[in-house]
């Protein structure tokens, strides 16, 4: 690793610090990290809708689980609501965007009833899970959904099928006691943002109890979740402190904290901004790991690096695993709209 000059990693430029009377530390920066293709697409849909239709554009639920992103979109004219009945009658000709996490079938049906124009920003990989669940159901199987109760993605997936057609299993302990309506006719799908290792344990236990359990045609856990967890696994050993940039309601970010601890980090913490770091508890450190959940923008990663540089003689070590090139198209209604350089910087989390 050079001791001076610029080092570039996924859009981040880092000036290696000159010698100073500060404690030297290394920041091990994971790659890939931050925005995935589904998050990028969802944010882009809201920005494009604002350019095409003007403010306000309503968004049902946080478009992605990150306050920095949500507040940035609010500043541009987006209004976030939890339910469609919060949209005032005088604004019902304005578009409403469904979040990247997906929605139950009842939500677009409700929008149609209210004569609302909606744009679905559901991540295509979440939509794939919906299709997998519906295929199990068409084949006459009861669907087991491995996921976290109350998460918007789980609510959306369960809402694709009639009530009672899906059972939620969260843990190996749940799998131990689960009693299906027909043990010989089961199919499973998973939430896309789970711990890869934890999910494998749940699936293994379900297969032990129900040998005829049918897997989906393709893995439900998304590429970005898998890649970020693998990068953290490789970077965490030897870290005195591991920071994950992400929101407390971000499933994939919380899983990264768990992965870091299991992989050998002495301490792992979830933070939304550099201002949340409790420096009084950091203690003696020489190696810091840093990653970001799939809905966390790169600008906050840079903010945290600079916060460490203010206090330490920090050198950044890149811990890249795989390169991500995935890209998802936005809705047809928006493909003709052009974004400025500033728009793209926001969409890319810069």
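Glycine residues also receive a Cβ, built from the backbone N, Cα and C atoms like all the rest.
Taken from Swiss-Prot, the feature active site, proton donor applies to 153, supported by sequence analysis. For residue 153 (active site, proton donor), applying a Cβ distance below 8 Å and a minimum sequence separation of six or more within one chain yields 101, 102, 126, 147, 191, 192, 193, 251.
In the three-state DSSP reading, residue 123 ([4Fe-4S] cluster binding site) counts as coil. Annotation comment: Swiss-Prot describes 36, 123, 222 as [4Fe-4S] cluster binding site, evidence class sequence analysis.
Per Swiss-Prot, the feature dimethylallyl diphosphate binding site maps to 65, 101, 151, 250, 251, 252, 295; the stated evidence is sequence analysis. Around the Cβ of residue 250 (dimethylallyl diphosphate binding site), a 10 Å sphere holds 24 further Cβ atoms from the protein chains shown.
Positions annotated as isopentenyl diphosphate binding site by Swiss-Prot, on the basis of sequence analysis: 65, 101, 151, 250, 251, 252, 295. Residue 295 (dimethylallyl diphosphate binding site): 32 other CB atoms within 10 A of its CB, across all protein chains.
Annotation source Swiss-Prot lists (2E)-4-hydroxy-3-methylbut-2-enyl diphosphate binding site at 65, 101, 151, 192, 250, 251, 252, 295. Annotation note: residue 251 (dimethylallyl diphosphate binding site) sits in a helical segment as assigned by DSSP.
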C-alpha of residue 250 (dimethylallyl diphosphate binding site) to C-alpha of residue 123 ([4Fe-4S] cluster binding site): distance in Å?
15
Between C-alpha atoms, which of these binding-site residues comes nearest to residue 295 (dimethylallyl diphosphate binding site): 36, 123, 222?
36
Going by a 10 angstroms cut-off between Cβ atoms, which of the binding-site residues 101, 151 has the sparsest surroundings?
151
What same-chain residues, at least 6 away in sequence, bring their CB to under 8 Å of the CB of residue 252 (dimethylallyl diphosphate binding site)?
193, 224, 225, 228, 246, 293, 294, 295
